Amino acid sequence: METGTSVSNNSGSIRNDSYEAIKNGSWFNQFRNGCNPWMARYVYGLIFLIANLLAWAARDYGRGALRKVTKFKNCKGGENCLGTDGVLRVSLGCFLFYFVMFLSTLGTSKTHSSRDRWHSGWWFAKLIMWPALTIIPFLLPSSIIHLYGEIAHFGAGVFLLIQLISVISFIQWLNECYQSQKDAERCRVYVMLLATTSYTVCIVGVILMYIWYAPDSSCLLNIFFITWTLFLIQLMTSIALHPKVNAGYLTPALMGLYVVFICWCAIRSEPVGESCNRKAAASNRTDWLTIISFVVALLAMVIATFSTGIDSQCFQFKKDENDQEEEEEDGVPYGYGFFHFVFATGAMYFAMLLIGWNTHHPMKKWTIDVGWTSTWVRVVNEWLAVCVYIWMLVAPLILKSRRQTTSGT
């Protein structure tokens, strides 16, 4: 028994040593050696970026080719229908690829297992599976594609919710890191500096939005959006600084930056013809600034999907120290199933951005997430972010009072 145990321990240590060698090696060696989850996540991110570019190309420059395909000849709505169908079909192929990976890697907890090797390797098989799953949607009838388009609205909403929780968890984690430092007095200066800078940026952003997107009193909707955002920042700060909550200045300040950014994105998503959106009217023609803005928005979406996918810890309950030590020795570095699930919902999300969350909405070339539906999705996302953050602040107090009431009875 002792001999068998020592042999298994030696083989496990050899596998861990080889794993560390691959992890610390060059990018070429990491990819060549296959089973490496650290390199695999970048490859999946690259595949997702290529899918985004294919969907954009199908919308803006693939209508001539799509018109020649038999299944697209009966497309009602002309050019706009062809572009929307192309985006949805590429999105469906991307979704199928990551959903298959999600089902096949869900529950993977140990390195060197068969599902770990499937996630981190077998690239030649995946290079065949991914194009095949991308081509299959182009052979399906339009009714199935339209059904997928309706389902994609829900999937994109799930992606936004996951991203929202991830951002709030990161903000709270950052605040806890500052509060848990031994030299808390010295860190307090940096916390106040960061919070003051964040509040300053929030105020400047609100003022600029009033100047750019509410030039006169007739722009009531934009005035409401901006003013309500300012009120939400004040509400979050007041609750966070309440003596019973005592969450400090940092988290509401960073959340203020987040909601101001979402409000800015919401107003920028308003249609170009709106008189209150001077910035959109100024970018009515396709110039280098429009192209650069589109590329930055596309890359930001891919980076947001990637960073959210590897942040599965914000959806896990706290574990015992023994379980954490065991995971550090032989556990996977991030949740594979969650990672692929985020990318699957991200495939639906980029489809909604490229078609403006509306299958009947015409989209101009080199634009992304434009239209009244996009605007209201952003606004609701902002309000939901504030609700989730406030709930995270007051939930411990509510649960504590309920426990005390239960124990008292």
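Including glycine, each Cβ sits where the backbone N, Cα and C put it.
What TrEMBL lists as transmembrane segment is 39-58 (among others).
If you look up TrEMBL, you'll see 86-107 (among others) marked as transmembrane segment. Beyond the transmembrane segment (86-107), the same-chain residues lying 6 or more positions past its ends with a Cβ under 8 Å from any Cβ of the stretch are 44, 47-48, 51, 54-56, 58-59, 62-63, 66, 115, 118-119, 129-130, 133-138, 140, 145-146, 148-149, 152, 155, 336-337, 339-341, 343-344, 346-348, 350-351, 354-355, 359.
The transmembrane segment feature in TrEMBL is assigned to 127-147 (among others).
Packing against the transmembrane segment (154-174) from elsewhere in the chain are residues 95, 250-251, 254-255, 258, 304-305, 307-308, 311, 313-315, 342, 344-349, 351-352, 357, 377, 381, 384-385, 388-389, 392: each is 6 or more residues past its ends and has a CB under 8 Å from a CB in it. Residues or ranges marked as transmembrane segment by TrEMBL: 154-174 (among others).
If you look up TrEMBL, you'll see 189-213 (among others) marked as transmembrane segment.
Beyond its flanks by at least six residues, the transmembrane segment (220-241) meets 202, 206, 209-210, 213-214, 247-249, 251-253, 255-256, 259-260, 263, 266-267, 270, 276-277, 379, 382-383, 386, 389-390, 393-394 of its own chain at Cβ-Cβ distances under 8 Å. What TrEMBL lists as transmembrane segment is 220-241 (among others).
If you look up TrEMBL, you'll see 247-267 (among others) marked as transmembrane segment. Here the transmembrane segment (247-267) has Cβ contacts under 8 Å with residues 167-168, 171-172, 174-175, 178-179, 191-192, 194-196, 198-199, 201-202, 205-206, 209, 213, 222, 225-226, 229, 232-233, 236-237, 239-241, 277, 369, 374-376, 378-379, 381-382, 385-386, 389, 393 of the same chain, all six or more residues outside its ends.
The transmembrane segment annotation in TrEMBL covers 288-310 (among others).
Panel annotation: around the transmembrane segment (338-358), residues 41, 44, 48, 51-52, 55-56, 59, 83-84, 87-88, 90-92, 94-95, 98-99, 101-102, 105, 149, 151-153, 155-156, 158-160, 162, 297, 301, 305, 308-310, 312, 315, 368-371, 373-374, 377 of the same chain, lying at least six beyond its termini, place a Cβ under 8 Å from a Cβ of the stretch. TrEMBL lists 338-358 (among others) with the feature transmembrane segment.
The transmembrane segment annotation in TrEMBL covers 379-399 (among others). Panel annotation: around the transmembrane segment (379-399), residues 160-161, 164-165, 167-168, 172, 225, 229, 232, 235-236, 239-240, 244-245, 247, 251, 255, 258-259, 262-263, 266 of the same chain, lying at least six beyond its termini, place a Cβ under 8 Å from a Cβ of the stretch.
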Surrounding residues of the transmembrane segment (39-58) on its own chain - C-beta under 8 Å, 6+ positions past either end: 27, 30-31, 66, 83, 86-87, 89-91, 93-94, 97-98, 101, 119-121, 123, 130, 134, 298-299, 301-302, 305-306, 309-310, 334, 339-340, 343, 346-347, 350-351, 354
